[in-house]
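Participant: Sharing a structure below in structure tokens format, with a few things to ask.
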Amino acid sequence: GNIRVFCRVRPLLSSEQQGRVGIVATDVPNQVQVSSSGGKARNYLFDKVFHAASLQDDVFSEVEPIIRSAMDGSNVCIFAYGQTGTGKTFTMEGSQDCPGIVPRTLQQLFFDASLDTTVEYSFKLSMLEVYRGCLRDLLAPRQKQHLCIQMAGSGSTEIENLTEIPIKSASQARYLYRKGVRSRSTCWTTANETSSRSHCLVRINITCNYGKQSHASKLWLVDLGGSERFFKTQAQGQTLEEGKAINASLSALGDVISALQRKQPHIPYSRNSKLTQILRDCLGKDSKALMLVHVSPKEEDLGETTCSLGFASRARAIHL
């Protein structure tokens, strides 16, 4: 099917309001309108648009059907994209009171599995980050051997040495997820107090046995690093290098999306990017992908907002 694209607009923070109005309007269903003072308004159409007052419940109710597809045997990827400080990690991880897509998904998988007693599901959880072009296992008992991406004979992507933990309950899965989150590389940037300096990927391997038959699928839940350009963050030194690595892999993701959009015979999954190599299974035929693009309503973020919305619009035009 197509890559489905949802857009979530974060609210203006109280410190940002001071007589300002946001540049992003969501009055028309499934449409985002961006207008700046003196500029011409631009409209972008998506499969679903969540306005600034949308709740985590609203978002998850729209995401839930694609999770069901993973239970039914499709490889699925749900990824959050956008500049730093637009709410990607809030959408994916959430907070104790407002859990995001990942903890809700872990709950939902076990709930759905309990509904059909003729089918036996098993789940394995892995978590890794792509940090400055390197892979880090976020669930390893201690930093263990080098993670290596391999192509299996079936054409699927495997990550050698990645920790895989069989999960028996939603509470165990959520505990492991929180443990992995604590290991993630974060730092302070001018755009965000605890900016994620990496891409964080949660993988759930799903096996379904029914009678003498079985199928296996992968569900990826991905919080991508911030997509902003360097002059926005005033990054220097290590933070600048982290930003360059994030941008290089997002650029590679953009190349894959462009090639898919143009139906090119060669899709550059593996060119210099661990991120696109890993997600190859979910950005190809017979897979389903959902992009949640996040934007800021602030006028000073106009450039980043239009870049993000343009990227998301190109992704929406793809038929996998």
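Each Cβ is built from the backbone N, Cα and C atoms, and glycine gets one as well.
Heads up, here are the entries from TrEMBL:
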BINDING   G82, Q83, T84, G85, T86, G87, K88, T89  ATP binding site
DOMAIN    2-318  domain 'Kinesin motor'
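Can you tell me where each of these features sits in the structure?
Facilitator: The average per-residue pLDDT of the prediction over the domain 'Kinesin motor' (2-318) is 86, rounded to a whole number.
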Participant: Does DSSP put T84 (ATP binding site) in a helix, in a strand, or in coil?
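Facilitator: Going by the DSSP assignment, T84 (ATP binding site) belongs to neither helix nor strand, so it counts as coil.
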Participant: If I restrict to non-local contacts, at least six residues apart, and a C-beta distance under 8 angstroms, what lies near G87 (ATP binding site) in its own chain?
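Facilitator: R8, R10, H294 - these are the non-local Cβ neighbours of G87 (ATP binding site), listed in sequence order.
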Participant: For the binding-site residues T86, T89, which one has the sparsest Cβ surroundings, going by other Cβ atoms within 10 Å?
Facilitator: T89
Participant: For T89 (ATP binding site), just give me the three-state DSSP call.
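Facilitator: Going by the DSSP assignment, T89 (ATP binding site) falls within a helical segment, counted as helix.
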